[in-house]
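Copied over from TrEMBL, here are the features:
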- R13, R63, T94, K154, R255, V256, R257: GTP binding site (BINDING)
- C20, C24, C27: [4Fe-4S] cluster 1 binding site (BINDING)
- Y26, G67, S118, M188: S-adenosyl-L-methionine binding site (BINDING)
- C250, C253, C267: [4Fe-4S] cluster 2 binding site (BINDING)
- 305-325: compositional bias 'Basic and acidic residues' (COMPBIAS)
- 4-226: domain 'Radical SAM core' (DOMAIN)
- 302-331: region 'Disordered' (REGION)
Amino acid sequence: MTDNTGRVIDYLRISVTDKCNLRCRYCMPPEGVTSLRHEDILSFEEITRVCKIMARLGIKKVRITGGEPLVRKDICRLIEGIHVIPGIEEIAMTTNATLLAPLAGELKRAGLDRVNISLDALDPLVFAAITGRDALGEVKEGLSAALSVGFGVKINCVPCRELNEGELRRVAAIAQNQPVDVRFIELMPIGCGKQFHGISSGELLKDFSAFFGEPREAPASPGGGPACYYNFPGFQGRIGFISPISHKFCKSCNRVRLTAEGRFKLCLHYESGIDLRKYLRDGRTEDAQIEEAILEAVKNKPAAHHFESPGEEMPSERENVEERNMNQIGG
Ligand code: SAM
Ligand code: SF4
């Protein structure tokens, strides 16, 4: 599957719910949002059908996200269904890990390969102030369980001036003591994220170099995604930086998204895409017609986001700017 700018699309991120058991301040309003009705979100059978079609079109990697994917009942059944699809080489999940410890073994047996755990602070009070819940203990248990069942594990942290500036060295130090990569992701001005100020990767790299010692740049792994990794002296894991704002990586973007209500989405910044649920529930639509609609939509994947320069979108794209929160889009 190739778009009009020549990018090969082989990575699908699937949001399985807009619901979440945390309220990270840059992601969801504290009062929550009106959740989708159960009948409005795609069933596992519908998601699996989309995955089969997409795998035939060249999708090799799938990531399950949300909202919080582990609040969706029976999530292991969906992983099992995707795991057996020919062509899908890897299934990963992005999770806040609060519910991970009791489910880790079952998820592994179902075919999940990797988990990315979101963790913005290691001080329990700061964690609770960011997420609205005193749940750091559960997250730590989730991390240990993920490592002990043998998942590839990465930690994702969003540095935010107002929320966790004083926590970032401690979060980075997880990679000092454990064989886990810790990645810092620049805050994007999406939904509630617009109210906060992110911290750039450059500023953090400078701070970590002064504090932990001069790092060596780690070689990029082929198809390894947009993170730039560094090896710090004495660290077991690497420190990565994902810099959608200061170093846009749109030119090598290989991903598309399926939202919980079945919208096929081409870029985080724009609403453009197609309502796949309509096709899936029509009853008469053949897979071939859905394939055709997806291929046509992919051709028009926006060339780049314009988060760093609001208002500079192409006129045709301006009305199309995504206004929803990350939990609704699928982060
Ligand atoms: N609930 C799961 C979790 O937190 O890992 C999965 C969904 S969450 C929306 C996915 C990721 O998006 C999290 O790592 C979160 O920190 C990140 N995120 C949310 N809002 C963001 C924003 N405005 N800019 C950058 N990352 C954001
Ligand atoms: Fe929930 Fe993840 Fe958003 Fe936090 S970042 S509120 S855990 S969806």
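Using the three backbone atoms N, Cα and C, a Cβ is placed for every residue, glycine included.
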- Message: Can you tell me which of the binding-site residues C24, Y26, G67, S118, C250 is spatially closest to K154 (GTP binding site)? Compare CA atoms only.
- Response: S118
- All chains considered, the count of other Cβ atoms within 10 Å of the Cβ of C24 ([4Fe-4S] cluster 1 binding site) is 23
- Note on the structure: In three-state DSSP terms, C250 ([4Fe-4S] cluster 2 binding site) is classed as helix
- Out of Y26, R63, T94, K154, M188, which binding-site residues lie by ligand 1, with a C-beta less than 6 Å from some atom of it? Y26, T94, M188
- Task: Pop the Cα-Cα gap between C27 ([4Fe-4S] cluster 1 binding site) and T94 (GTP binding site) into the table, whole Å please.
- Result: 14
- Contacting binding-site residues, sequence order - G67, C250, C253, R255 vs ligand 2, Cβ under 6 Å: G67
- S-adenosyl-L-methionine site residues Y26, G67, S118, M188: biggest Cα-Cα distance, Å? 17
- With V256 (GTP binding site) as reference and a Cα-Cα limit of 10 Å, the qualifying binding-site residues from C20, C24, Y26, S118, C267 are C267
- Inside 8 A of the center formed by the CB atoms of C20, C24, C27, which other residues of the chain have their CB, for the recorded [4Fe-4S] cluster 1 site? L22, R23, Y26, M28, E68, N96, T131, N325, M326, N327
- If you count the C-beta atoms lying within 10 Å of each candidate's C-beta, which of the binding-site residues C27, C250, C253, V256, C267 ends up with the smallest number? C250
- Message: Measuring Cα to Cα, how far is R13 (GTP binding site) from G67 (S-adenosyl-L-methionine binding site) in Å?
- Response: 12
- Using a 10 Å radius on the Cβ of R13 (GTP binding site), the other Cβ atoms enclosed count 21
